[in-house]
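Q: This is the structure, below, for whatever I ask next.
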């Protein structure tokens, strides 16, 4: 049976990425060697790294605009530390918008480096919305936000325009929608949502904002060191980067971000329309802030849980259970999830309605 993978991450990837990755593991570029055993300094992998970095900037519309794309290790969680290390000045200040678990994790790390101003938070409402009315201090070294919140199913639809560097954690919605990415000075994202398997982290940074903290930065945490080493300061995670390149190529061939945005909108509209129509269900996020990537919803009557769980599992749906802090269900609709998989879930929801 075909599986419909709604996992929040690591998540579904395009079928062609699996097929090409499998071949590369057996014989990479007809070299007679596995991708898993080649030197990261070989011309074949250097070409992979160069193409991947260039394709990131091309897809985001940042080519030739003073940005560098890096493939690092440590996940987005390490970026919680690296961002203030590289951007918050000695005795400096940073402004953070608290919209969920990952934003609060970033705030926790930033507090070790200087004054960390939480300009707004939706924590008291269990992060069911994105705060709208807030003021960003003009003397902050940077402003940090999280564009999409996988656990609580909210997503920022607009971003403030300020005269300080803007940093954004886009781990769960990068490459999913059209934005003016030049409004951001630093973007970071764990690969395992819309780009590839777990194991590498993408950082896109405008070079001109670096080197201004006045502090010593350990080499492995220094963006400038990684830029100078062309993202190979140490041995990079070869396989995740190669798989990420394949996903980026797939996205480009599909028509780029504008093309995938239309598909993602169609998927989200289909599911949210059913959640709103079907009286057995209710969404957990405020309607205006609903995420196109992660739809969170509950059954109005928990007595129907066992039946619904059996029905969606029997339909080949996987990974639909919600995070423990929210409960209910979470349908993660990342780029590679086809519209037909969302239709299968909607059909199950309608079938439950007919049975009750």
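Residue positions begin at 1 at the first shown residue.
Quick reminder: no glycine exception, Cβ is built from N, Cα and C everywhere.
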Q: Which one, 116, 150, 154, 247, is listed by Swiss-Prot in the same pyridoxal 5'-phosphate site as 76, 77, 102, 169, 192, 234, 235?
A: 150
Q: Far apart in sequence but close in space: which same-chain residues, 6 or more away, have a Cβ under 8 Å from residue 76 (pyridoxal 5'-phosphate binding site)?
A: 102, 169, 171, 188, 189, 190, 201
Q: By Cβ count within 10 Å, point out the most packed of the recorded positions listed: 41, 193.
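A: For the recorded positions 41, 193, the Cβ with the most other Cβ atoms within 10 Å is 193.
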Q: Could you check which of the binding-site residues (41, 77, 150, 234, 235) sits closest to residue 193 (N6-(pyridoxal phosphate)lysine), going Cα to Cα?
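A: It is 150, whose Cα lies nearest.
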Q: Just checking, which of 77, 192, 234 (binding-site residues) has the fewest C-beta atoms within 10 Å of its C-beta?
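A: Checked 77, 192, 234; of these binding-site residues, fewest Cβ neighbours within 10 Å: 234.
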Q: Report, in whole Å, the straight Cα-to-Cα distance of residue 235 (pyridoxal 5'-phosphate binding site) from residue 41 (L-glutamate binding site).
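A: On Cα coordinates alone, these residues lie 9 Å apart.
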Q: Have a look around residue 169 (pyridoxal 5'-phosphate binding site) and count the other CB atoms within 10 A of its CB, chains all included.
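A: For residue 169 (pyridoxal 5'-phosphate binding site), the 10 Å Cβ neighbour count is 28.
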Q: Over all pairs within 76, 77, 102, 150, 169, 192, 234, 235, the annotated pyridoxal 5'-phosphate binders, what is the largest Cα to Cα distance, rounded to whole Å?
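A: Per the listed residues, the maximum Cα distance equals 31 Å.
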